[in-house]
């Protein structure tokens, strides 16, 4: 017998207006019904619990519990009884007539597909004969039970220029009842540290962005956001971080109506490794807002992503319609060894107000005579000098 928690009993309200032929008869019957809630008879609510009438469904991540009973129907004493159910073993030295061996087994469902509950019993009769039988239990006239998927999990990755990786996880409840989301966490791979972006600081307290209620209604979807940053010992090795595709795995724990817990762990999540080419340029520092026609400073980081070849680079700065670079274009940056980086401070100004894109940087490898173009590196808000820009 499967052990499941009871459910709340719900009745179907039947009512009518007082001027109709039945008058107040239907309403009075509902008020007298012990299964209805006093004062809320017309709602499909109940205060009573009802035992499950069938085997029901088993969802991925839940724990299957079953009560097993082996009864001696004969008038003889049997010995050396061994009951095997899945990974559980129960051994009893002697079983008298009309006595039974009772056991409860638990099995965490980790795979989608067909599951069969097999019970094997061996014993010895009074005459010393070894006996053995197996039984396949049927549920709802079926030998097997189908395990259903309770959650639909979709993931999206965003690769930032700073080697950070943003993971968006969309979790949908595809069951027919609400869920209490107890925990949704990301276990990062060995090369990353993770920060959850699903809460805000209000008056010194950490408050979840989903509000005070952590319930996920049927077919509803909730989005979780995480930021992964390379650990210091790996961040300095550009070639290693560039090729990392394994990010980590999600660990999801929930509870159903009456507190039954379920758990689901995804397989290792993988991203598409960004293709930076041989030379990578990223921004280390840039102001959010600058004044019109006033110089401002940015800091760029140039990385040699090659694992074998030293580069001799030349930097060119090309003006655009709104962005004007200050300084000497075509200067030598010197040699850059494999997997190493250098930081470069640059000065520029904007002649147009509004949100402007920083573009026009060119890096040339003098050995291969190859030029790498970097446009739309970042965006900066340009305001009139009459408006004070906060530092």
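Quick reminder: no glycine exception, Cβ is built from N, Cα and C everywhere.
A TrEMBL annotation is a machine prediction, not a hand-curated record.
Remember, it's a predicted structure, so these values are computed and weren't measured experimentally.
These features come from TrEMBL:
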- 1-141: domain 'Trafficking protein particle complex subunit 13 N-terminal' (DOMAIN)
- 151-274: domain 'Trafficking protein particle complex subunit 13 middle' (DOMAIN)
- 287-382: domain 'Trafficking protein particle complex subunit 13 C-terminal' (DOMAIN)
Tally of DSSP helical, extended and coil residues in the domain 'Trafficking protein particle complex subunit 13 N-terminal' (1-141): 8 helix, 59 strand, 74 coil
Overall pLDDT of the domain 'Trafficking protein particle complex subunit 13 C-terminal' (287-382), taken as the mean: 90
